[in-house]
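The next block holds one structure in the form of structure tokens; read it before the comments.
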Amino acid sequence: MKACCSLLLLGLVCVQLKANPGVKVRLTQKGLEYAKEVGLEILKQNMKKERFPDLTGYEKFGLGNVKYNISRIRIATVEFPSASMSLIPRTGIKLVIGNASLTADMNWNIRTWMFRDSGRSTVYISKVFVTAIFSTPLDNSGHTLISLTSCRTTSGDIDIKLNGKSGFLHNFFIKYLKKPIHRSLATNSCPNIRSGIQLINEDLQSLNVLMPIDDLAEIDYSLNSLPAVFRPYIELDLKGIVHPAGNYTGPPYVAAPFTIPDQTDSMLYLAFSEYFFQTSSFAYYTAGAFNRTIAEETYSYFNISTEIFGSIIPEVAKYSVTPHPVMLKLMATETPLISLQPDSFTLEIQGSMEVFAVLPDSTTQLLFTMNTTANTSIALNIFNQKLMGSLCLNRLQFSLTHSNVGFFEVSLLENILSYILQTEVIPSANAKLSKGFPLPNLANITLTRPRITIVQVRFRYIYDKVINFWWG
């Protein structure tokens, strides 16, 4: 049950109402059924490990009392032949367990003014029915909680076998042992469920929704508004903002409203809007991640020198007669632009490239500066609970903005500069992208067989592009 509820809430805390989300999560009835099976199996195992308190008291018997003590209660088997979990629109989650049964072993001790006896017994309890409804309110600090709004349990038959007993005393003892067991079931079942929920709430509040990507950025997956419960699914709006590490100032973008396409065939859907990726681009741009220096000692394919550049551009050969190593400084001049189109994810980077000659005394001399525009495609994949990308260079454009060597045709340099970017910058970027963006915290539940689509969705005359991921 703990895993079930954790899956439903995904560690949601720190609510900011009335803002459009960057990420949406949809758990369908199919996913709910799977969560129910996982949760009930965990409940079975926990019940078998549970240490129950002793039952001590007395019952009226003629002119006296029957004093009893039931101790060392251990659950041997638990069965849930009929269980269902459903969503109640605008209310919460309903759990119904029907015709459950369990077998328990225990020690017993009975005393009256006439006699006393003790022994070991096996108790079989059947026809147990539980109906519980859970909601997801907020506490005063803005945390999402699980609340048991209603609970009802009934137990039918209790059969007790006293080891080594028979006849009149057997029936007498069973009569007086059934009452406290039945009473304990009736009075403690719902409080025990409520105690279990409290443990789940403590775990949910400890889940980290501010998840680091690397040393430069982190993602805020906290809940943006209350979970929306519909009959076929429950949907959660997450902030879905990528911040520069330690800097939680809001990005200069406004998230557009969007919806997940009307699909319920899979267990779980995650939808990432263009806003999520644009805040990621802004965070890494702010952190300087798009800036890179390429020097002779760091480039392994060939020696970058004025001699090579001079063989292509005569102006460089005239300016630098003595060969010197060349250093390239690449900088993004504005936040790279993310564009999502149906089945297409592109990243366009506007930047500048400064080309220096490195003199023998380690000082540098600027040769020329160019504006650059790099258009790239990103292929996405899910692996090890992370969203991963792979960058491919589509198009590269240069324009000369300043030159100390004189004017020259930039087209002469396009091949060599494209080769340097393809062999040095793109592989370096892909190495970082391969580390992946962590997905929302799913309480140690592993997602398998993901599928990815990029779609355009409409919401009240506003169009937004969304990447959908679904499982199951």
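Cβ from N, Cα, C; glycine included.
For C151, the disulfide partner named by TrEMBL among C14, C190 is C190. Around the Cβ of C190 (disulfide bond), the same chain contributes A132, L148, C151, R152, T153, each under 8 angstroms and 6 or more positions distant in sequence.
Counting every protein chain shown, the number of other Cβ atoms lying within 10 Å of the Cβ of C151 (disulfide bond) is 17. If you take every residue in the domain 'Lipid-binding serum glycoprotein N-terminal' (26-247) and average the pLDDT, you get 82.
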